[in-house]
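Remarks on the structure that follows.
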Amino acid sequence: MISSVKHSSAAIGITDLVPRGSPSVRPQMASIPLISATKGPNLSLAIRKPLYLASPEGFGFGSRDGFMSAAEPRGFALRCGAYEADRSDSVEISHQETRSAASQKVKIGIYFATWWALNVVFNIYNKKVLNAFPYPWLTSTLSLATGSLMMLISWATRIAEAPKTDFEFWKALAPVAVAHTIGHVAATVSMSKVAVSFTHIIKSGEPAFSVLVSRFLLGETFPVPVYLSLVPIIGGCALAAVTELNFNMTGFMGAMISNLAFVFRNIFSKRGMKGMSVSGMNYYACLSILSLLILTPFAIAIEGPQMWAAGWQTALSQIGPHFIWWVAAQSVFYHLYNQVSYMSLDEISPLTFSIGNTMKRISVIVSSIIIFHTPVQPINALGAAIAILGTFLYSQRRKREGDSKQVE
């Protein structure tokens, strides 16, 4: 490998600069940074790999004002050999980056697997509780209360670091909490009236609500392929609803309201929480606490302690002590699966999260059908498949849109 510096048509080698018979001088070695090619009007330097070049100071050249000087007149050219630098440093860095990327993928995979598993378990126990104790407002309140208590204990015992918040943080969180409360209660009401699988099929239509709200209320525009991806979502949800054997309008409307509420929750969260340095785990903990304060008076007013007491005694007489464990399990797993989902948002993009959410619904729908022996007609299954496929296509279109914006 040769590095050359040309200044004129004349050329002399390094050996010509040293008088014959003079004692050999050990040249000092200097590192040349990695450069692909550098060209100037009278300068040509081509180096493809890191090089070490012998300093010409030992050959009669001096340094003046940072530039080499010599007694030789203008019109000289210097040509010297160069050798490749040790590549061990770059190889080590490359291996470290590879290991880091691999560990990040494993971490995200663990988050997703945990998130899906916890969500499946929650939906199973939640449906069992609602079948025996059809009071969704109290069930929703207990879920938020359990999660809030768990986090308060974690902060008090310093298992988890308490977030540093101020009035502005809670002010920005308030509309998010309102939307979260409505969405949570509406979904629970839906699952108390219809099958878990049907609720999640309808909830897979959330991207359609997101696009429509962003378009007509916020004035955002989307590429045509994004709008086209909504067709299978809406069509699949409609087909599944029409062919549902145990269709219930309250359950259907609960799932639709939940979709709309969670869309507004995401919008408020993006707008109000920018610049807030709170981890995903603590963010959801604060959201649960505020939602609990909002929900509790409404739950008391709509259902009330008398209905709860009567329903509780009926459930215990029919199910036995296992009912208490069902309530505890659905409350704990509700908080855990939401906490893990918010923690995963710290590691991945919202679009990747959206794809993961689609896969989560598939696991919930399939597992609930198997466990509860939900009767499903082929046409109903086709509608569910079309809706979920449309959700996946929507996520892919939004991902491509985000990638193109980054390129621009």
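Keep in mind that glycine also has a Cβ here, set from the backbone N, Cα and C atoms.
Keep in mind that TrEMBL annotations are predicted by a computer and have not been checked by a curator.
Here is what TrEMBL records for this protein:
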DOMAIN    107-395  domain 'Sugar phosphate transporter'
TRANSMEM  108-125  transmembrane segment
TRANSMEM  137-156  transmembrane segment
TRANSMEM  224-243  transmembrane segment
TRANSMEM  249-268  transmembrane segment
TRANSMEM  280-302  transmembrane segment
TRANSMEM  378-395  transmembrane segment
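For the transmembrane segment (224-243), the partner stretch with the highest count of Cβ pairs under 8 angstroms, out of 108-125, 137-156, 249-268, 280-302, 378-395, is 378-395. The average pLDDT computed over the domain 'Sugar phosphate transporter' (107-395) stands at 90.
Among 108-125, 137-156, 249-268, 378-395, 137-156 has the largest number of CB pairs under 8 A with the transmembrane segment (280-302).
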